[in-house]
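What follows is a short report on a single structure.
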Amino acid sequence: MAVIQKHGKSSSPDLVCHKENVPPDKIGAPGCHKKRPEAHSNWPRPVARIWTVVLLLGTCLLYCARVAMPICAVSMAEKFNWTKRESGMVLGSFFWGYCFTQVFGGYVSDRVGGEKVLLLSAAAWGSMTAFTPILAHLCSQPIFSMTLARFLMGLLQGVHYPSLASLCSQKVVESERGFLMSTVGSGSYLGTLVIGGVGSLMLDLYGWESVFYVSGLLSVLWAYCMWKYLLKGEGPIITLESLGNGGTQPKLNKRHWARLLKQPAVCAVIVTHLCTASTFFTLLSWLPTFFKDTFPDAKGWVFNVIPWLVAIPSSLFSGCLSDHLICQGTHIIRVLFFFSMGVSSVFTVLLCGNTTFSWAVAFVSATMGLTTFSHSGVSLNVQDLAPSCAGALFGIMNTCGAFSGVLMVYFSGYLIEATGSWASMFALITTVNLMGLFTFLAFAEARRVDIDSSRVRHHSIHI
């Protein structure tokens, strides 16, 4: 959710002025220059397009590795005699780990650059995915080894989206951020689509172990190619000095963070992201089991492919629409969120009743397709509110979303087992979605709040 701003001569309290001659073609007020080269660090458009494709592929592989467990959960539960509650514990443990590295990943990315953090984490979680079947067979209690493995996966993958937000705010011009974030965000649906289709076939032909081996090794290969061809074999070198000296972004003190987190717009975007992330994670974790239980004769590749096939063009469309509206100076973000969280809830409610397999796939597809509109809203709003600390703030948001995801994934398993009905889970998802929608409509805005408004003049187009 970008906003068009025109700043005056005053600058952030984190920016220092030095009295010296500055060429008139330089960005900024005469006689001043900034500590950090903000305007000169943007990627040229050809470079940005290359990075967009690479990050799209990386996010795709991230979800291939993440969704491997939900895809294989039914087969693993049969092999290791897990109950629904135990399956929920394994699936939910990912989000416990996911909570702990969000803020850290965003902070480090703001200091040293998101591309370095993305590279290191991808190599680590790719290797972890490939070793998951080995851990399951070596341990005498697979429930414990798989819970630990998913926890570690959450730790390693938790830095991905905060690093993307930080990288985007540092390297991408404002008018192209919507396209990049929505395109890279569609990688989550593409990855779920690929692992849902190809993974289901591999599961039937070669066993559940093959799903982990292939997705993990491909992720490691992606990290190597990124290091070799984009970073030219240099780094990533992250030193304590680079973390302490501020790196590419100014370091906000505790007073600034306290003031930032008291802003209603910041609280609104955190709550909204909490709701969208938790409902998405719950659907991602339980939909394969829902279809297996409700329609046992259905082909796995159908319900694991079609919803995500719908989500990809929907996500790309929302990004193009967002950038177009920014260029026109118009915003209809509230309308986008109405469809993302409001209309999608209608289709979620329809899943509570008795439906045929075809209608269930259609309702789930509509839900996932409409949900993608949030990529052009809450995911970009953090870059409008606090561009100087976008990675760390997005980490806080994702921490809240991951923590609520833990609770919802586990609590959904409890509800399903206690009531014997999937309607209870879909009702819970609908309630959380509507709560997030009302919060966003009431309090969200696109005004920059990470700087003192009395020291900077700007004109904003509010959402």
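The backbone N, Cα and C atoms fix where each Cβ goes, glycine too.
Quick look at what TrEMBL annotates:
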TRANSMEM  50-69  transmembrane segment
DOMAIN    51-448  domain 'Major facilitator superfamily (MFS) profile'
TRANSMEM  89-108  transmembrane segment
TRANSMEM  117-136  transmembrane segment
TRANSMEM  179-199  transmembrane segment
TRANSMEM  211-231  transmembrane segment
TRANSMEM  265-289  transmembrane segment
TRANSMEM  301-320  transmembrane segment
TRANSMEM  332-351  transmembrane segment
TRANSMEM  357-378  transmembrane segment
TRANSMEM  390-416  transmembrane segment
TRANSMEM  422-444  transmembrane segment
Contact yes or no, the transmembrane segment (211-231) and the transmembrane segment (117-136), 3+ Cβ pairs under 8 Å, gap 6+
yes
Recorded stretch, among 89-108, 301-320, 422-444, maximising Cβ pairs under 8 Å relative to the transmembrane segment (332-351)
422-444
Is it the case that the transmembrane segment (422-444) and the transmembrane segment (301-320) touch, counting contact as three or more CB pairs under 8 Å in which the residues of each pair are 6 or more positions apart?
no
Same-chain Cβ contacts of the transmembrane segment (89-108) under 8 Å, 6 or more residues past its ends?
66, 69-70, 73, 82, 117, 121, 143, 146-148, 150-163, 165-166, 238, 243, 281, 285-286, 389-399, 402-403, 405-406, 409-410, 413
Per the definition of 3+ C-beta pairs under 8 A with sequence separation of 6 or more, do the transmembrane segment (301-320) and the transmembrane segment (50-69) touch?
no
